[in-house]
Amino acid sequence: MPTDSKMAKFLQSYGYDLILGSVAAIYVVMAPYTKVEESFNVQSMHDILYHRHHLDSYDHLEFPGVVPRTFIGAFIVSVFASPVVSIISCLGFPKVYSLVAARLVLGCIILSTLRFFRIQIKKKFGNQVETFFVLFTSLQFHFLFYCTRPLPNILALGLVNLAYGNWLKGNFYPALSFLIFATVIFRCDTMLLLGPIGLELLLTKSISFWKALKYCVGTALLAVGLTIFVDSIMWKKFVWPEFEVFWFNSILNRSSDWGTHSIHWYFTSALPRSLLVAYPLSLLGTLVDRRVPFFIVPVLSFVILYSKLPHKELRFIISSVPMFNLSAAVAASRIYNNRKKTIWKLVNMVMLAFFAISAGCTVVTFMASYYNYPSGYALKRLHQIGHPANVAGEEWVHIDTFGAMNGISRFCEDDFPWRYSKEEEIVVEELRNRNFTYLVNEHSSVDGYKCLFYEEGFERLELRRGFPPIVLVKKAKVYLHREMKKEDPFHKKWPGC
């Protein structure tokens, strides 16, 4: 029937996108809150959506952070999310629904760019490699979870995916242009990827030096002009945010203040956790197809160069994951095609076993991540049961630094009678002298306040004998206190601490 034919064509074109999008959407709905790494873009999206042109009400003017960040990514996401947010506001739903909408929009943007890359994989390597690429991506928790997190690295990832797609397509100059935009506007460290790719293209005579120079300089000037124009307005001063980030992290080497890892950490911890079964297969992919090293070597060089920086996080190299997945998909396709041969049959069985292990690791990792936002759950619980609807007075909630870093953003705030303070550097002994009704903090006891309940957070994974072999260990992370002078009009029985 015609309808069935249309549905079949739709699924053939967008089926893989629906799979990846559904997995990413589940992660967002189940764990909608955000952490300190995302705070700037999250607060910026909130302010663009709710305060619009009233810049004086924007969060970044009160809490500017260590270095300025660009508003361009927040603007793009907010423009696409605004119709949904308007409906949410009209229906009177909590603002956290708007956060979910914004994160879903970001996920759609990133997965749309991944779709472009995937289509080029299909054209260059075939349908089967494309299928394995989707399978690997869907089994990797970190990539699909991160693609909805409003981090500068993820905003840059969208442009990197477009660069990868053009690279595979043979459009080398546009590929370099996308990488330059990502470097200048979102993440200056993308230059560590731009350099190896550009050098390889020059050495293989895939591009002309002078033509590439014209492209790169023109694109860089356009990107610099755009970010300075937009961000100077938003920050109310002349600023190129990503240059200041580069100066702070690379020249002053201040990023080490947030901790350091060994030089091999990306290869012995970050990549194995993020790639799972694709990690060993990505190495095999470079051996079974002569086309793969052309794409893998620059990306591998990117990770090696990044390893020189002391401060390391998985999100810094998240843009390498799609290309490693391509190499792994090529290897998996070769193994599958030769599965009837004796040796390859054994390799195929091992690969299938690792697929199952990867799925299990993804479930465990998601469960751990679910409990990484105790402050968000604590504030939600307070809103649900902490205040009667007929009381006219304001209810002040103080959120300490730990609380603000682990789940709470302005999207988590409710309207009157709730008021919020994130005032920093208040010693615990001074809190009783302030006009705070409730406290959300990391202290189990505060003078002048009664602890109503606590929220547990992820502590560690523990191996045990028996079933299940892996146990999620949780620990009390965030406590909610109420001023002792404040009477509970409903006489609720709080669980206490």
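Residue numbering: from 1, along the chain as shown.
Here the Cβ of each residue, glycine as well, is placed from N, Cα and C on the backbone.
Note that the structure is predicted; figures quoted are calculated from it, not measured.
If you check Swiss-Prot, you get these features:
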- 10-30: transmembrane segment (TRANSMEM)
- 71-91: transmembrane segment (TRANSMEM)
- 92-112: transmembrane segment (TRANSMEM)
- 125-145: transmembrane segment (TRANSMEM)
- 154-174: transmembrane segment (TRANSMEM)
- 178-198: transmembrane segment (TRANSMEM)
- 215-235: transmembrane segment (TRANSMEM)
- Asn253: N-linked glycosylation site (CARBOHYD)
- 263-285: transmembrane segment (TRANSMEM)
- 292-312: transmembrane segment (TRANSMEM)
- 316-336: transmembrane segment (TRANSMEM)
- 346-366: transmembrane segment (TRANSMEM)
- Asn435: N-linked glycosylation site (CARBOHYD)
Quiz item: Where, among 10-30, 178-198, 215-235, 263-285, 292-312, do we find the most CB pairs under 8 A to the transmembrane segment (346-366)?
Solution: 263-285
Quiz item: Any idea what the Cα distance is from Asn253 (N-linked glycosylation site) over to Asn435 (N-linked glycosylation site), rounded to a whole Å?
Solution: 41
Quiz prompt | Maximum Cβ pairs under 8 Å to the transmembrane segment (125-145) - stretch from the list 10-30, 154-174, 292-312, 316-336 | solution = 316-336
Quiz item: Is it true that the transmembrane segment (71-91) and the transmembrane segment (263-285) have 3 or more Cβ pairs under 8 Å, skipping pairs fewer than 6 apart in sequence?
Solution: no
Self-check item: Nonlocal residues around Asn435 (N-linked glycosylation site), in sequence order (Cβ under 8 Å, 6 or more apart)
Solution: Trp396
Quiz item: Under an 8 Å Cβ to Cβ limit, what residues of the same chain, 6 or more beyond the ends of the transmembrane segment (10-30), are close to it?
Solution: 100, 103-104, 107-108, 111, 114-115, 118, 130-131, 134, 137-138, 141, 144-145, 147-148, 366, 370
Practice problem: For the transmembrane segment (154-174), could you work out the same-chain residues 6 or more beyond its ends whose Cβ comes under 8 Å from its Cβ atoms? | Solution: 41, 73, 106, 109-110, 113-114, 116-117, 119-121, 123-124, 146-147, 181-183, 186-187, 190, 193, 197, 201, 206-207, 211-212, 215, 295, 315, 318-319, 322-323
Practice problem: Quickly jot the same-chain residues contacting the transmembrane segment (292-312) by Cβ under 8 Å, restricted to those at least six beyond its ends, or write none. | Solution: 164, 167-168, 189, 192-193, 195-197, 199-200, 204, 249-250, 253, 255-261, 263-267, 270-271, 282, 285-286, 319-320, 323-324, 326-327, 330
Quiz item: Counting every protein chain present, what is the number of Cβ atoms, excluding its own, within 10 Å of the Cβ of Asn253 (N-linked glycosylation site)?
Solution: 12
Practice problem: Could you pull out which residues elsewhere in the chain have a CB under 8 Å from any CB of the transmembrane segment (215-235), counting only those six or more residues past its ends? | Solution: 55, 58, 60, 68, 70-72, 75, 173, 176-177, 180-181, 184-185, 198, 241-242
